[in-house]
Amino acid sequence: MNNPPFATVNDAQIESEELRRFREEWKAEVKRRKGAVIDHADTESEDTGPSDWSSAGVTSFNDVFSASAGPSSSGFATSLTSEPPTLSTSFHVSTAPALSQGSNLAVSIYREAVVHEQRGELEEALYLYRSAFRREPNVDRLYEREEMLGTIIAQQIASASSPKKAKALDPLMTPKVVLEGSGSTMDDLSKKMENTLAVQNLKSSVPRTEHGALASRGLDSILHNFPQELVFEPEDEEESAPLKLLPDEMIVHILKILDPNSLERFASVNRKARVVSLDASVWRKLVKETYKPPQIPVSPDGSSFLEYLSQQYLYDYRRLYIEHPRIRLDGVYIAVCHYIRPGLSENSWVNVNHLITYHRYLRFFPNGQVISLLTNEEQPPAHVIPLLKPTLRGLKGLFYGNWHLTGNNIVLSNLIDASSRSLTHVDFSSPTLMADLLGRNTVPLATGASSSESSHNHHAHSHSHSDDSSLPTVRYIFTMSLTLLSRPMGRWNKMDIVSYDSLNLETGEASPVALKHERPFWFSKVRSYALS
C-alpha cells in the first residue's frame, strides 16, 4: 500500500527534521507560557477584562501551526515568539489544516483505540490501532495535532464560561476570532474539534440544558437522545390522555405541590414527564423549603449560605437536593443494637446465653429540636414510633435537645434527661425556657478570685432565677456527634455515632460515655410525620 502524500494534511511538505524542530519549539513555548502564568498568578486581578483573551490561549493557534507551515507558506506566522495582538473586535489566527476524509476516519479510529486503552481493553485497542495505521501511516502525528488543537479550544471554552470572566466581559467588546484565509469563525473551528477527547471531557463536566431543562451528568446523555417534540401519549391508543390538554406551566405548578418521591415517580412515567419534572422552579422551591437553618449553617456576615450552595452546584437544584447532605424530617432514625448476655443454667453441661436487643431512636424537628429515646425489647418500634412527639414525657431513656448540621457532621447538644417526673411541665421546644433551665444550674467558675467574691457571684446567679422556683435542677447534659451518610445516593438514611459525652453543669467536666454495642442509625419513613 502506497503511503498517501502528507500534502493532504498540510499545504507544505513536512519532513522528519521539521517535525522534530516543531516539537522542540512547541515544548519550549509551552514551558515559557507556563512560567509566565506562574510568575503573574499572585498579581492577577480577580476581574478579568477583555484584554485577557490574549493570555487565555486565543493566540496559540498561531503558535501551533506556524512552524509546520514553513517559511514559504503565505498567510501563516513564521515566529513562535510573536507579540500577542492588541485588543480589537476582530483579530486573525492561522487556518487550521483540514484533514482528508480518509485521514479523518483514521484519526477517529485512533481516538477510539485510545479510549479503549484507557479503559484497560487492550485487545480492542490493539485491533483499532492496527486498523488506523493501515489507513494512515502518520495517524499518530495527526491525532496529536488534533488533540493539541482540541485542548486549546477546551481551555478557551472553559475560560470564557467561567463566572468571573462572564461578569467582566462585555458582549459588545468580546473579540470575535476570525480564521485567516477561510474567513470562518472560532465556532466553526470548535465544531470541527468537538470530537477530540479534551473537548469531550470538558462537556462531560458541565451540566447541559436539554429541552429547556438543566440536566446533571447522569441525565444529560439520556435527554440528548430524546426527540424534540414530546407529548403525553395514552397507554391504550383508544383512550384519551387528559394531561395533553394541560399546558406545561400548569403541570409544573402541580408538581410544586408534590413531595420528592412522588415527583420522581411521576417523572418515570414517560419522556415528557421526565423533561417537565426537571423544571428549575420545581426543585428551587423544594431546595428553599429544605435547606434552611439548622439544615445549613448561618453565615457570620449574614449572607445567604443557600446562594453559595447554589453556585457550588451551578444552580442545578435537583443535583443539590440529591447530593448535598440533609437530615430527613419525615421519619425517624432507628439503631437496632444487640449483645449477648450469659445466663444461668441448672445443668453444668448446658450453657445458656441471652440475646438482648434494644433500640435507639432519633427524631428531628424543623425548629432544631431533637428527641432521643433508648428502649428495650419490651417496647417494639411499632409501639414507640407513634409516641415520639414533643409532648412525650416520663419514659426512661428519653432526652430532649437541639441539633444542627454542618456538612455531613451532626451535633446534638443540650440533651436533657426528660424521664424525671419533675420535667413533665417543661416545654423543651422553648429556647428561652431551655436557656433558663440550663443557666440556673451552671455555676460560674471564678479563677483567681477570693472565696467571698465567688460566693457573692453564686448568690447573685441563684437570685436571678429565684422568681422561677418551679424549674427543676439539671446536673448533667449530654452531647452526641454523628456522621450523616447516604446509601444509596440521595437517601441520606444512615448515621454513625462518632462520640457521646456527658457534661457536668456544676464543674464543667466532660466525660465520654462508653459505647460498646452501638450500631448505625437507619432512616425509617413515617407517613404520619410527613403529614404533621
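Glycine residues also receive a Cβ, built from the backbone N, Cα and C atoms like all the rest.
Residues or ranges marked as region 'Disordered' by TrEMBL: 33-54 (among others).
As annotated by TrEMBL, repeat 'TPR' applies to 106-139. Secondary structure of the repeat 'TPR' (106-139) per DSSP, as helix, strand and coil residue counts: 28 helix, 0 strand, 6 coil.
Using DSSP to sort the residues of the domain 'F-box' (240-286) gives these counts of helix, strand and coil: 34 helix, 0 strand, 13 coil. What TrEMBL records for 240-286 is domain 'F-box'.
Among the features that TrEMBL reports, region 'Disordered' is placed at 446-469 (among others).
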Per-region confidence, the repeat 'TPR' (106-139) (mean pLDDT, whole number):
88
